[in-house]
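For F11, S12, G13, G14, Q15, D16, S17, T18, T19, C20, L21, the entry in TrEMBL reads ATP binding site. Residues or ranges marked as Zn(2+) binding site by TrEMBL: C189, C197, C200, C203.
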Amino acid sequence: MTIQEKALVIFSGGQDSTTCLLQAIATYGQQNVQVITFAYGQRHAIELEKAKWIAQDLGVRQTVLDLSLMKQITHNALMDEQADIEQTDQGMPNTFVDGRNALFLLYAAIYAKSQEIKHIIVGVCETDFSGYPDCRDVFIKSMNVSLNLAMDYPFQIHTPLMYLTKAQTWALADQLGGLQYVREHTHTCYMGVEGGCGECPSCLLRNKGLAEYLESK
Ligand SMILES: [Zn+2]
């Protein structure tokens, strides 16, 4: 039994948001699910291509929004081909983009309301917390309140991965029948290597989680 309401998934084509999308389709039904993808000057076009391919393959409507204006006001390694990815002195990876999730949620909500969608799903996670402040549950809850007040609309932001480890996120994909799908089709590598470089922080986290899950099976 699916819930007869509509949902919007914030979708990057990576492991986490693809798992959220599979869960949303199982919960709301494919015809009730849409995705929104943000282009903000990511280092690698491969992310956007994967996201487009998956949305098409799963038969959900995708809206791609260009937020490359971010480059005018903030600088970070995720958007700069020249920069090395590393930890900063504050212990945060220099891939952090200030305000990114606040901005994504705001645009997602504006779009969602125009489509009469209340449910917004985002794959942020506090567990493997890299120090990104806008991945914390407290931020998402406060943003939910702000959006509802801003637009006088009862949005419900869902964060199904908030307290899962990477291994548990793989387990969830498996429960949804999507383990192979997520392994094959999603892109998470910071270096933009098809199939993953195996060395960047993102690949390490993904591979470690997968190994843990497969061992525990
Ligand atoms: Zn990588």
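The first residue you see is number 1, and the count goes up from there.
Each residue, glycine too, has its Cβ placed from N, Cα and C.
Report note: the Zn(2+) site is defined by C189, C197, C200, C203, and the residues of the same chain whose CB lies within 8 Å of the CB centroid of those residues, excluding them, are T188, Y190, M191, V193, G196, G198, E199, P201, S202, L204. For the recorded ATP site, residues F11, S12, G13, G14, Q15, D16, S17, T18, T19, C20, L21 set the reference point as the centre of their Cβ atoms, and the other residues of that chain within 8 Å of it by Cβ are V9, I54, G123, T186. C203 (Zn(2+) binding site): 18 other CB atoms within 10 A of its CB, across all protein chains. Between the C-alpha atoms of C189 (Zn(2+) binding site) and Q15 (ATP binding site), the distance comes to 10 Å. Of all the binding-site residues listed here (C197, C200, C203), C203 has the Cα closest to the Cα of T19 (ATP binding site). Among the binding-site residues Q15, C189, C197, C200, C203, the residues whose Cβ sits under 6 Å from any atom of ligand 1 are C189, C197, C200, C203. Burial estimate for the binding-site residues (L21, C189, C197, C200): highest at L21, by number of other CB atoms within 10 Å. C200 (Zn(2+) binding site) and G13 (ATP binding site) are 18 Å apart (CA-CA, integer value). A helical conformation is recorded for C203 (Zn(2+) binding site) in the three-state DSSP classification.
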